[in-house]
Amino acid sequence: MVQLNQNFIDTITQELPAHLSMDEFIAACDRPLRRSIRVNTLKISSDDFKTLMQPKGWTFDPIPWCEDGFWISYDEEEQLGNALEHIQGLFYIQEASSMLPPTALFTPSAFTTSAKWQYVLDLASAPGSKTTQMAALMQNQGLLVANEYSASRVKVLHANVLRMGASHCALTHFDGRVFGEYLYESFDAVLIDAPCGGEGTVRKDADALKHWSLDDVLAISETQKALIESAFLALKPGGSLVYSTCTLNRLENQGVCEYLKQVYGDAVQFESLSDLFDGAERATTAEGFLHVWPQIYDSEGFFVAKLTKTASVPRLQPEPKLQKNFPFTTASAKQAQGIKDYFQQDLGISLPDELIMVRDDEFWLFPHEFNAFIGRMRFQRIGIKLADNSKHGFKVRHEAIIALAGKQLSPTAKTVDVSDVEAKEYLMGRDIPLATAGKAQGEVIVCYGGAPLGMAKHLGNKLKNNLPRDLVKDKVLLLPEQTKSL
């Protein structure tokens with residue numbers, strides 16, 4: 001049974017729209033969430049994914065605000081995070097409401113068009129559902145800066161970015177309040193899914209509202225105001241900003257947006273989201289925001305606001321000095337050709353036309369757009385690590401295979417396709433015996449269902465597992481095909 005704090009009920013009763021009832025709200029909070037996923041179109045189309053999973057008993061109910069999002073029905077009780085297809089990065093387990101902010105940001109408006117965006121900021125990124133959704137919407141073009149304040153959550157963010165093959169991300173680890181200072185008016189679009197009271201999450205956390213207090217709401221709303229102001233300062237004139245939370249009270253939602261409007265006046269232009277998808281008007285506020293109560297779409301509670309920055313605004317701090325000692329240098333023509341030849345000739349992968357950078361004996365691939373940010377802020381991780389170079393030659397990195405061995409793979413690539421059982425063994429760190437012994441082939445790409453799993457060394461009679469130790473799984477779930485009853 002869900003625990004609803006009486007103080008919360010008293011407060012939210014005053015804010016609930018007249019056409020909604022408190023009884024329906026409480027009943028919705030007590031129902032379990034429908035299971036939802038988003039297909040990762042960086043690796044597979046939604047149609048192909050449905051074709052892949054329907055024989056395994058999945059049914060797909062489209063989420064109206066996300067073209068690649070679906071509520072799914074599935075008979076098994078196993079954790080889908082262990083599913084082979086999830087480990088491959090073919091889908092992300094993501095609550096339906098949380099797919100709203102990226103959709104709102106990337107929907108062209110009368111003011112902006114996302115087609116011209118080169119620089120996008122996700123101010124509070126972890127665990128990465130919205131970051132990877134935006135990476136898919138950008139189709140790994142431009143630069144997506146993903147920031148996370150919590151050190152432990154940066155690791156989770158990085159793991160999800162790699163799993164989903166998002167190669168144009170640069171990860172940072174800062175308090176979001178510094179971006180307006182360090183990267184003033186640098187981004188075409190900014191998403192801030194702000195830390196919040198989490199009132200909308202009660203359907204998956206029955207105790208989320210057990211200790212609710214107005215004092216806590218007031219305190220966190222002050223942090224949210226500072227974050228949205230920083231995000232607004234980091235936004236270019238003419239750019240779009242989406243502010244979202246998974247909470248329901250006005251102080252953390254409309255109140256934060258109204259604060260920004262009070263401070264910056266006509267430079268803040270609210271945009272209506274009433275036409276974002278069929279039925280959006282059921283959750284649209286007078287200002288044009290989406291205030292999603294759980295009973296409206298049978299989802300988590302959520303809030304989404306979109307605005308355009310119509311004019312430049314003064315910066316609050318002097319421009320910081322450029323930071324020195326950037327550890328990467330641009331690869332020489334000889335170095336760049338060497339790494340390209342290795343990928344093409346040894347692996348069958350054509351490297352995209354991006355910046356090849358070198359740090360010591362490491363070769364990296366950066367988005368061209370990152371050049372504009374060198375020295376302006378410290379980055380935890382940029383682009384993808386391609387390979388290490390030693391006296392024995394290049395050694396490809398796992399993340400490069402995951403990010404690049406899909407669409408860039410040539411017919412001559414050295415690949416070995418494995419069965420689902422063999423794929424499970426591989427992901428659990430085990431060597432794969434080969435049914436027929438043959439000539440050793442050296443480094444090969446291990447694939448399942450046409451998608452890469454990682455690297456192995458072909459020894460003739462077996463594949464020696466080269467999966468990084470930190471990616472070895474204790475459990476891999478093979479979803480069985482369902483037999484049809486007569």
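Any Cβ shown, glycine's included, is placed from N, Cα and C.
The structure displayed is predicted, hence computed values, not measured ones.
Positions annotated as S-adenosyl-L-methionine binding site by Swiss-Prot, on the basis of sequence analysis: Ala124, Ser125, Ala126, Pro127, Gly128, Ser129, Lys130, Glu148, Asp175, Asp193. Residue density at Ala124 (S-adenosyl-L-methionine binding site): 22 other Cβ atoms are found within 10 A of its Cβ, drawing on all protein chains shown.
Around Cys246 (active site, nucleophile), the C-beta neighbours below 8 angstroms that are at least 6 residues distant in the chain are Ser97, Ser98, Asp193, Cys196, Gly198, Glu199, Gly200, Thr201, Glu300, Gly301, Phe302, Phe303. Per Swiss-Prot, the feature active site, nucleophile maps to Cys246; the stated evidence is sequence analysis.
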Check the DSSP secondary structure of Lys130 (S-adenosyl-L-methionine binding site), expressed as helix, strand or coil.
helix
